[in-house]
Amino acid sequence: MLNYVIKRLLGLIPTLFIVSVLVFLFVHMLPGDPARLIAGPEADAQVIELVRQQLGLDQPLYHQFWHYISNAVQGDFGLSMVSRRPVADEIASRFMPTLWLTITSMVWAVIFGMAAGIIAAVWRNRWPDRLSMTIAVSGISFPAFALGMLLIQVFSVELGWLPTVGADSWQHYILSSLTLGAAVAAVMARFTRASFVDVLSEDYMRTARAKGVSETWVVLKHGLRNAMIPVVTMMGLQFGFLLGGSIVVEKVFNWPGLGRLLVDSVEMRDYPVIQAEILLFSLEFILINLVVDVLYAAINPAIRYK
């Protein structure tokens, strides 16, 4: 197992290098001139050229790439073109709000999604199954931005129960986490149901029932563990999606997180911030997939990596 983890970690190096090259090329292909955006609409050509020199955009592209890669290897992603603060500080100040929003959304989505999936599988083709899957399909189909605006209109504007924007208190997490986790809970419910339906028909489940084990214990002890492998895979993918893909929700709720920072950086063509954020998202996905693979062995001892 240790050798497998080490090999996967070493595999990060070429993957992140390829991502770095692609991201660098992508941001420099974006339309628009960062120097013109930063200088302002009334700046003349001389001022814009001065800003370009200050940002290093007047240098050849290969020189900019070498400067970017050599500094990134040392953990230095440069200064933000807009705020002139270190990129690491910009990301660090936005990381925790996104992380807590992701964890909050994931916790309720996993609990609700797995419960709905188990209920649907146990009472297959009956009204609990149909009700759970109808709710799940609705959760997948309803766009996140529309759900967020609906929740704000009902619970903030009409009823006045919850705040609309910001991340200052636990109350701010309620509507935003519900919006962000709705699709995840729906996907989790469908995956859990599909996995449980297959497990419930296995021989060891019938053997446990024949021995007089209660149905609840059969489902929770024998069924849940064996049905968890595909569910854990989906949990890992969805966690990575939430951590890096909460852009729409953060924009709707004016959330001070990484998603909103990325949108603002793209609008202002802030190359260093865009490059660092996408590298961070790539690293998150790779590490989450590694954790999921390691969890396989903990859930099912028959799985071993040699």
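Glycine too: its Cβ is placed from the backbone N, Cα and C atoms.
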Next item on the list: Indicate yes or no: per Swiss-Prot, are Val165 and Phe191 on the same side of the membrane.
Entry: no
Note to self: So if I exclude everything within five residues of the ends of the transmembrane segment (135-155), which remaining residues of that chain have a CB under 8 angstroms from its CBs? That is, six or more out.
What the structure shows: 113, 116, 161-162, 164, 175-176, 178-180, 182-183, 185-187, 189-190, 248-249, 251-253
Next item on the list: Compute the average pLDDT of the predicted model within the topological domain 'Periplasmic' (250-277).
Entry: 84
Margin query: At a Cβ cut-off of 8 Å, and with pairs 6 or more apart in sequence only, do we get at least 3 pairs between the transmembrane segment (103-123) and the transmembrane segment (169-189), yes or no?
Written below: yes
